[in-house]
Amino acid sequence: MGSSRWKVAAAFLAIVGSLLPVDADEHEHTYIDKEEVVLWMNTVGPYHNRQETYKYFSLPFCAGSKKTISHYHETLGEALQGVELEFSGLDIRFKDEVMQTTYCEIDLDKAKRDAFVYAIKNHYWYQMYIDDLPIWGIVGEADENGEDHYLWTYKKLEIGFNGNRIVDVNLTSEGKVRLVPNTRIAMSYSVKWKKSDVKFEDRFDKYLDPSFFQHRIHWFSIFNSFMMVIFLVGLVSMILMRTLRKDYARYSKEEEMDDMDRDLGDEYGWKQVHGDVFRPSSHPMMFSSLIGSGCQIFSVSFIVIIVAMVEDLYTERGSMLSTAIFVYAATSPVNGYFGGSLYAKQGGRRWIKQMFIGAFLIPAMVCGTAFFINFIAIYYHASRAIPFGTMVAVCSICFFVILPLNLVGTILGRNLSGQPNFPCRVNAVPRPIPEKKWFMEPAVIVCLGGILPFGSIFIEMYFIFTSFWAYKIYYVYGFMMLVLVILCIVTVCVTIVCTYFLLNAEDYRWQWTSFLSAASTAVYVYMYSFYYYFFKTKMYGLFQTSFYFGYMAVFSTSLGIMCGAVGYMGTSAFVRKIYTNVKID
């Protein structure tokens with residue numbers, strides 16, 4: 001009971017302290033000779049299912065005899081990512097070599113043998129940490145016929161040091177022993193220390209894969225997307241400027257006509273809906289909440305990428321997730337400001353309800369998905385099962401950090417930019433929408449609007465998916481920043497063109513159309529995730545499949561909301577601009 005209370009208290013402290021990336025070693029990664037070096041056992045699981053992990057000692061491994069440790073640390077990001085650090089019990093001292101030594105023995109009965117055989121058949125491998133450096137090893141292997149199974153029993157550790165810091169760790173698995181019931185298997189280890197020229201700042205470079213992330217296809221995709229942006233921006237500018245100039249000339253000529261000529265003239269185009277174009281959108285509360293949430297997601301993405309470019313977040317366990325949670329909570333005023341001001345401009349009066357919807361829209365989606373997957377993780381006894389204390393910490397962040405900051409942003413937005421200062425008056429009676437060709441219908445525009453934005457990012461999606469769902473460390477955040485900028489430019493250009501054609505067809509329902517045509521990028525990303533799952537991975541099982549498609553749905557939806565908000569904001573500026581520059585009676 002006391003242990004449970006301590007975990008809850010530690011989770012509350014994590015709200016303030018462990019959201020920020022910190023050194024995971026209390027010794028600040030410096031050692032003196034003979035000082036204890038802790039070997040942490042993390043998780044074990046099938047190679048093809050990266051997220052399906054279990055505690056290392058869920059398999060019938062045995063631990064060393066050393067029971068006391070001097071330090072242990074876990075952050076909120078680690079808890080959410082299923083990091084389960086357990087002490088190995090091995091006695092390792094800085095620069096103190098250990099010859100092959102037996103540290104424990106396994107009494108292999110039938111149940112333990114079956115557990116090891118199942119793990120070997122499913123290609124289980126485990127992860128360990130020394131001084132924050134990850135080490136991977138395989139549990140065992142089967143013979144060519146698949147009849148006999150062997151366990152690796154000897155962990156041969158080679159640790160590199162530079163001065164008083166550990167800069168390199170290598171594991172060699174030896175001592176292949178056949179699994180026979182009712183026998184004793186001795187587990188052994190050895191430690192060899194060697195001097196290394198690797199700098200402490202560069203010790204994670206060996207885990208990176210420049211040949212993969214800096215492949216020519218990656219550079220080519222960036223260049224290709226950049227050229228598409230130049231072409232698209234030039235095309236949009238040319239078409240709109242030429243077309244708008246003609247429209248302005250035609251409307252100016254109409255101003256010079258008398259009433260009889262104007263009535264007999266062929267009036268058409270976007271000017272005819274000037275009395276309805278700034279009419280509030282349908283479902284303004286939900287629309288405003290989506291725009292506010294999208295602006296916040298864009299802010300989080302931009303800031304986190306910049307932080308990742310400056311700081312090597314991949315060097316600390318869970319630091320990327322912890323940073324994202326902290327930045328999301330800190331940028332809550334952005335959500336409230338844009339959502340609250342837009343809702344006020346559209347004449348909304350139930351602003352408190354809108355604020356609650358905006359504040360909890362994304363957290364509810366993420367937590368709901370995590371809650372569903374958590375049930376499956378608990379059933380599987382997986383390490384990904386989120387502890388109760390961590391749930392309390394996340395809920396506390398939502399209610400005591402995100403909600404108040406969102407309230408501050410909403411009040412500022414309503415007071416500073418909540419006045420409906422539209423360039424045209426809104427008619428009391430809505431104008432009937434004329435019939436138009438099928439390809440000008442909003443539904444068709446929405447479906448086609450996401451193709452070009454998806455085309456500009458789908459190569460980068462492959463690299464991002466591979467780093468998350470496979471065993472790659474994503475570190476080329478400069479590429480990601482370029483792709484984010486390209487995505488925003490392409491999205492704005494596409495939605496402006498779609499909105500111009502819609503208004504020219506005298507359909508003034510542009511708010512939702514501009515949002516959804518940009519947000520439809522998410523549908524194509526989610527469809528691509530199906531292709532990636534079936535053709536680029538070897539995942540299997542209920543837990544991994546649910547985890548993959550559940551969080552891919554969260555990722556795609558968040559991306560869609562962000563793109564929709566960016567598209568709407570750009571289109572809104574365009575619409576205000578063209579109606580400001582034309583004289584309206």
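Including glycine, each Cβ sits where the backbone N, Cα and C put it.
Here the structure is a predicted model, which means the values were calculated and not measured.
As annotated by TrEMBL, signal peptide applies to 1-24.
Same-chain neighbours of the transmembrane segment (219-241): 452, 455-457, 459-460, 479, 482-483, 486, 489-490, 493-494, 496-497, 500, counting only residues six or more beyond its ends whose CB sits under 8 Å from a CB of the stretch. The transmembrane segment annotation in TrEMBL covers 219-241 (among others).
Look at TrEMBL and you will find 287-309 (among others) tagged as transmembrane segment.
The transmembrane segment feature in TrEMBL is assigned to 321-344 (among others).
Long-range contacts of the transmembrane segment (356-380) within the same chain: residues 52, 54, 285-286, 288-290, 292-293, 296-297, 328, 332, 335-336, 339-340, 386, 394, 398, 402-403, 406-407, 410, 542-543, 546-547, 550-551, 553-554, 557-558, 561, each at least 6 residues beyond the stretch ends and with a Cβ under 8 Å from a Cβ of the stretch. Marked as transmembrane segment by TrEMBL: 356-380 (among others).
Taken from TrEMBL, the feature transmembrane segment covers 386-408 (among others).
For 443-465 (among others), the entry in TrEMBL reads transmembrane segment. Proximity of distant same-chain residues to the transmembrane segment (443-465), defined by a Cβ-Cβ separation under 8 Å and at least 6 residues beyond the stretch ends, is recorded for 212-213, 217-218, 221, 225, 228-229, 232, 474, 476, 479-480, 483, 486-487, 490-491, 494-495, 498, 501-502, 513, 516-525, 528-529, 532, 536, 563, 567.
The transmembrane segment annotation in TrEMBL covers 477-503 (among others). With a threshold of 8 Å between CB atoms, the same-chain residues lying at least 6 positions outside the transmembrane segment (477-503) that come near it are 213, 218, 222, 225-226, 228-229, 232-233, 236, 239-240, 243, 270, 273, 277, 298, 301-302, 305-306, 308-309, 440, 442, 445, 448-449, 452-453, 456-457, 460, 463-464, 509-510, 513-514, 517-518, 521, 563, 566-571, 574-575.
Same-chain neighbours of the transmembrane segment (515-535): 287, 290-291, 442, 445-451, 453-454, 457-458, 461-462, 465, 469, 487, 491, 494-495, 498, 545, 548-549, 552-553, 555-557, 559-561, 563-568, counting only residues six or more beyond its ends whose CB sits under 8 Å from a CB of the stretch. Among the features that TrEMBL reports, transmembrane segment is placed at 515-535 (among others).
The transmembrane segment annotation in TrEMBL covers 547-569 (among others). Away from its own ends, the transmembrane segment (547-569) comes close to residues 51-52, 290-295, 297-298, 301, 338, 362, 365-366, 369, 372-373, 376, 384, 449-450, 453, 469, 487-488, 491-492, 494-495, 511, 514-523, 525-526, 529, 533, 539 of its chain (Cβ-Cβ under 8 Å, at least six residues beyond either end).
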